[in-house]
C-alpha cells in the first residue's frame with residue numbers, strides 16, 4: 001500500500017518531525033512483482049473524437065460497435081448483478097441485447113474478463129447466444145449480445161413430448177458444443193434458455209457471468225440458481241470432493257427439462273424456498289422422476305440426466321443419441337435402444 005501523500009503546495013505537519021529513535025525503522029511489506037501486472041488497455045480507437053469514458057474491448061475492429069451508436073429501447077430483464085436492455089444499432093437498425101453489469105470490479109477480475117471475452121466472441125453455434133462485443137463505460141461492464149425476441153423459457157409448461165424433445169435437442173446441441181470447447185456453463189436453468197420467434201432455443205449467460213459469480217459473496221447468490229445445482233456441487237463430500245462441471249451441467253439440464261414437462265419445480269420444495277430446505281431436498285432425497293404417465297423414452301431420458309452418481313450421468317453428446325431425442329426426428333426402432341424392462345416377480 002502506498003503512503004498517503006499531501007497535495008502539492010500544502011505542507012505536511014509530519015514532514016519536519018524529528019525521529020526519536022533514528023536507529024529504528026518499520027519493515028516494508030514484501031511485494032510480489034509477478035502480481036504487478038497493469039490492466040490491459042483496449043486497442044486505440046481509429047477516431048480521436050471517441051469519448052475516453054467509453055471504450056470497446058475487442059480485437060476485431062470491424063465487428064466492434066460504438067456504444068454511442070446503440071440506442072436503448074426498453075429494459076427486458078434485471079437481477080442483483082445488473083440489467084439487460086434491448087438496444088438498436090442505429091446505423092443498421094439491428095436489435096441487440098445489452099447486458100449492463102453493475103459494480104466496481106477489481107483489476108484482476110477485469111483482466112480475466114478481457115481474456116474470457118475473446119473466447120466468448122469466438123463461440124459460434126446456432127444454439128448458443130452470440131457475444132458480439134464488450135464495453136467498459138464509467139466503470140460498468142456492458143456486454144453486447146444477440147437479441148432473442150421471445151425471452152426466456154422460465155415458467156414455460158411444455159407437456160407435449162414431441163415439442164419438448166425438439167427443445168431438448170437444441171439445448172443439448174449447444175451444450176455439447178460448449179463442452180467440446182472445454183467450456184462449462186455452471187448455470188443451466190430455464191431463465192438462461194432463450195427462444196426467438198423462429199422457435200430457435202439458445203443457451204445464454206455463460207462465461208462472463210460465471211467469472212463475476214466467482215467474485216461475489218456466495219450469500220448473495222440467487223436461490224433460484226442453487227435450485228438447479230447438482231448434489232455434489234452443493235455437498236462436495238458426496239463425490240469425494242471431486243466436481244465434474246460437465247456432469248453438473250447435465251444435472252441442471254435434467255431438472256430444467258423435467259420442470260418444463262411438469263409445469264412446476266420437480267422437487268418437493270419450492271424453487272424459491274429457503275436454502276436449508278432446497279439443499280436437503282437436492283442432496284438427501286432421491287432424484288426426481290418423470291411421472292408414470294410419460295413415455296418410457298422420456299422417463300429414461302430424465303433418469304440419465306438425474307443420476308446421483310455423476311459418472312453414471314450421460315454426457316450431452318450421448319444424450320443427443322438418446323431415443324427420446326431421436327424420436328423427434330422420427331428414427332426407427334427406437335425402443336430397441338432402451339434397456340429391457342425389469343422382469344415381473346414370479347407368481348410362485
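Every residue gets a Cβ built from N, Cα and C, even glycine.
According to Swiss-Prot, the protein has these features:
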| type | residues | note |
| --- | --- | --- |
| REGION | 1-26 | region 'Disordered' |
| MOD_RES | 6 | phosphoserine |
| REGION | 35-54 | region 'Disordered' |
| DOMAIN | 70-325 | domain 'Protein kinase' |
| BINDING | 76, 77, 78, 79, 80, 81, 82, 83, 84, 99 | ATP binding site |
| ACT_SITE | 187 | active site, proton acceptor |
| MOD_RES | 215 | phosphothreonine |
| MOD_RES | 221 | phosphoserine |
| MOD_RES | 221 | phosphoserine |
| MOD_RES | 225 | phosphothreonine |
| MOD_RES | 313 | ADP-ribosylarginine |
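Feature map: Swiss-Prot annotations on the structure.
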residue : record                       : Cβ within 10 Å
76      : ATP binding site             : 18
78      : ATP binding site             : 11
82      : ATP binding site             : 18
84      : ATP binding site             : 20
187     : active site, proton acceptor : 22
225     : phosphothreonine             : 16
313     : ADP-ribosylarginine          : 25
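Comparing the Cα of residue 187 (active site, proton acceptor) with the Cα of every entry in 78, 84, 225, 313, these being the recorded positions, the smallest distance points to 225. Considering only the recorded positions 76, 82, 313, the residue whose Cα is spatially closest to the Cα of residue 225 (phosphothreonine) is 82. Residue 225 (phosphothreonine) falls within a helix when secondary structure is assigned with DSSP. Calculated from their C-alpha atoms, the gap between residue 76 (ATP binding site) and the residue listed as 'ADP-ribosylarginine' amounts to 35 Å.
In this structure the alpha carbons, written CA, of residue 82 (ATP binding site) and the residue listed as 'ADP-ribosylarginine' are 34 Å apart. The DSSP secondary structure for residue 76 (ATP binding site) is strand. Residue 78 (ATP binding site) sits 33 Å from the residue listed as 'ADP-ribosylarginine', taking the CA atoms of both as reference points.
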